[in-house]
Structure formats: structure tokens, C-alpha cells
Amino acid sequence: MSEVKPEEISHPAMEQLQGFEYCIDSNPPWGEAIILGFQHYILALGTAVMIPAVLVPMMGGSDGDRVRVVQTLLFVTGINTLLQSLFGTRLPTVIGGSYAFVIPVMAIVQDSSLAAIPDDHERFLQSMRAIQGALIVSSSIQIILGYSQLWGIFSRFFSPLGMAPVVALLGFGLFERGFPVVGRCVEVGLPMLILFVVLSQYLKNVQIREIPILERFSLFICIALVWAYAQILTSGGAYNHSTEVTQINCRTDRANLISSAPWIKIPYPLQWGAPTFSAGQSFGMVSAVLVSLIESTASYSAAARLASATPPPAHILSRGIGWQGIGILLCGLFGTGTGSTVSVENVGLLGSTRIGSRRVIQICAGFMIFFSMLGKFGALFASIPFTIFAAVYCVLFGLVAAVGLSFLQFTNMNSMRNLFIVGVSIFLGLSVPEYFFRYSMAAQRGPAHTKAGWFNDYINTIFSSPPTVGLMVAVFLDNTLEVKDAGRDRGMPWWVPFRSFKGDSRNEEFYSLPFNLNRFFPPS
């Protein structure tokens, strides 16, 4: 047997992913782009519907209030996505609602002064105004860290070795929203999961007029087929005698969104009334803003790779965080009930479709704004059972996690130092948040329960986020453990040129501002 050559058992490290027909600054034909944009819009509905579905009833809101919050969240998501894709990082990312804000928002809702209000609608309005005030104040953290370039300066402590676990945990850390949710209605969720994998992977080479239609539009096709299948089960009475939990997760008529939605309603700032401000509530909300910042930083790294772009330079990253702070400010002004962050599932869809075009995401933002104003039509799509989305998450979150692991190709994984850092950071990034989650489920409160509510929110929010825990562990170890001669093992020779906007000639192509605005805001 002939000797195996080294190049036959290894693969060269690649700065940009291959196989993308349309990358960040190239655009598919308008017809394809519109369908792809609508596909991203449909995917973003899962989070946009689920967060208000959890929070609004706790606030005392009715089905009509929940619909208005969903519409408002979609409207602001569309605006923030446009702003980020035009003036922020310019990466093809959807800036949607964030689960990181749920803990501090629940703390506000459960405040004794609000819980004592007897009228449900008045309690909803007062709770929403308190949440708005906390979001408005806390948004200043990202605005300051972004536009002052402080976050860009801090990012100089990052390396491929440090960021690999953080981006991986962005996907792995969301496992609770995957198959555990699919299992609540397995007869709908499992067919969706299998069909999506078959169409998007095994049949991806099927073409119509030289377009790989199943690879690019598999999400849209699968959701339409399984949604119709779920409607047949519902109409046929399959769940008439099922438990309440099964009916909520399986039926297509339990959301009460269509009947409660107005035909036309345009969200506007301060629609719930003047925000109220509390120092303690604002301090608590800052923890979610910091988590959002870290999760978005990881998402931008993943999105850049899946858009076949170079890693965002420090200046571009800071610029994006600054605009994201403005996005959280808009969430507070409009009253979305939560803050914003990069939508991980939409990042994963870039890889599933192999279309990383910025224009597609901007079209998606247009759909969000349009359908958020046409209440009945938007509510129709928003009534898709969440189990269907959970099945797709099993694939897309896993894809984002794998993108994080791909950063390890630039490091030396034969180094025990590197193996230790990666292993410990990923394990603790999963284990610590799981402890906080199980403790909260059992005790109905987080592990931190001192008399200082804002401190409780800080600890419970930060340590419930896998990417945040992973970043703290990975970056600390990477910058303190045998650093002196580990630069090459950490992947720094590849990473350093991308820190500066002028460090790589491709950065100007990918990240320059539109309308020749770089003349007035030159990147460093």
C-alpha cells in the first residue's frame, strides 16, 4: 500500500466558505430574492410570536394586546434590520427579539407595585411602560460601547480559539428550543424535521430552470406542507380530546391571533403611554443588554462566515453594536416588550440556502414592516404552530454551532492548552446555564435571590446565557494561560490582519457604508 501523503488526510484552512453562489455583496435575481426574503420573514415569526405569547399574559394583557405586541415587535425588527444592514455591520443579519431580556422583564412584571393593580388591562399598560423605561435607559450601554469604539478595543482580546466556543455555544446553547419542543407534538414536529433535512440536503441538487429550488426554498416548501398537514389534523378532530398542552402545541387554531388582529394598524412610538423609569429596573435590564451584546458579537462572526465575508474588523463590530443599541432604544420607544439581538435561526438559514446576500435580508425587513401593518395577513402567518419552527431550529442552530467549530481550523488542536480551553469553555457554557435553568424551574426563582433585585437580575441573566458564560471562560483562559509563545497556536497570524479595516483589501468591498458615506465617517 502506497504511503499516504499529508495533503490527503488534511484540508487547508479557508478564510471564506466555498459553495455560496451569492455572497454578502452579490444578489440573486429579484424573483428569487423576494421568495428568499419572504422565507427569512416566515422563520423570524417563531421568536416574534413566542416572546409576547410568554410575557403578555403575565402582564395581564388580552389576546388583542398580544397581537399588537407581536405586530410592534415585527415592525421594529424590520426597521432595526434595515438600519443594521445599511449602516451597521452591513452583514445579512435579522435583528429580532431576544430571549435574554425575559428574566429582567419578568422581574419588572412581578414587581409588587405592578402586581397589586386589580385591573388586568391597566396592569398590562403600566408594566409595558415600566419595561419601556428600562429598555430606553439600558440601551445607552450598547450605544456608548459601540460608538466610543470601546467594544472594538475589547475585541482585541478575541482570537479564533476564544471565539470558536462562543459561536458554537450560540447554537448548542439553544438546544432547549429544539427537539424538547418538537417532542410536545411529535406527529407534526418530526415529519417537519425529516422533510426539511431530506429536501435541503439529500435532494438539494434537484433543479428547475437551473435553479436548485429544493435547496434554496426548502424551508418555505416544508412549512407550507406541514402546516397544511397540521390543519388537516386540527380540522379532522385529532386533538379534540387531547390534553391542553397537546392542543396548544399541535392545533393551528389556538393562537387566537387572526380573530384578535385588526385589519390595519400602524405601530407608533409611545403607543402604550409615557414610559416610567426606575433605577433598579434599569440596572437589571443592563444585564440583558450585555448578554445581547455578546450573543450578537458571536452572531456577527457566524454571519460573516456564512455570507462568505471576512471577519468584521473591530471598527465595524463597534459600529454594529452602536446601531444595535439604537435598536434597543427603538424597542423601548415603540414598546415591544423585549430588547433586540441578532436572530440566530436566520443566520443558520444563510448556510442552509447557501445564499448570504445582504439584499435578501433587506427584502425580509420590508416584509416585516409591511405585514406588521396589515394585521390580519400577518396574524395568518404568525399562527403557524411553534413546533414547526422548533423542528427547523434543530437543523439551523446545529449549523451555526458547526460554524463556530470551524474557527478551530486556524488553531493548533494538537496543543493540550487549546484542547483544555475549548473543552472547558464549551462544557461550562452548557453546564452553568443548565444549572440556572433547572434551579429556576424547581424553585420558581433564580439561584441569586438577595434583597437587591437588580443584582439578582444581573447574575441570573448573565449566567443563563451559554455564549456569555463561554466568552467569559474562553477569553479569560486564552489570555492568561501560557500566552507568551501561544500566538500561532491560538490562530493569531490569521486573525490579526482582520482587526483593522485596512488590514485586508476585501473589507472595503464588504463593509463600506452606502451612498459614499465613508467620506464623512472613515473607518479606522
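Placement of Cβ uses the backbone N, Cα and C atoms for every residue, glycine included.
As the structure is a computational prediction, the values presented were derived from the model and not from experiment.
Same-chain residues lying 6+ beyond the ends of the transmembrane segment (38-57) with a Cβ under 8 Å from its Cβ atoms: 65-66, 69-70, 73-74, 77, 94, 96-97, 99, 102, 105-106, 109, 124, 217, 219-220, 223, 255, 257, 337-338, 343, 345-346, 349, 353, 360-361, 363-364, 367-368, 371, 381-382, 384, 386, 389-390, 392-393, 396. If you look up TrEMBL, you'll see 38-57 (among others) marked as transmembrane segment.
If you look up TrEMBL, you'll see 153-174 (among others) marked as transmembrane segment. Counting residues 6+ beyond its ends, the transmembrane segment (153-174) has Cβ neighbours under 8 Å at 294-295, 297-299, 301-302, 314, 317-318, 344, 348, 393, 397-408, 410-411, 418, 421-422, 425-426, 429-430, 433, 465-467, 469-471, 473-475, 478-479, 489-492, 494-495, 499 in the same chain.
Feature annotation from TrEMBL assigns transmembrane segment to 181-199 (among others).
The transmembrane segment annotation in TrEMBL covers 211-230 (among others).
Listed by sequence, the residues of this chain that lie at least six past the ends of the transmembrane segment (360-382) yet keep a Cβ under 8 A from its Cβ atoms are 22, 27-28, 33-34, 36-38, 40-42, 44-45, 48-49, 67, 70-72, 74-75, 77-79, 81-82, 85-86, 92-94, 255, 257-258, 260-267, 346. What TrEMBL lists as transmembrane segment is 360-382 (among others).
Residues annotated as transmembrane segment in TrEMBL: 388-407 (among others).
If you look up TrEMBL, you'll see 419-438 (among others) marked as transmembrane segment.
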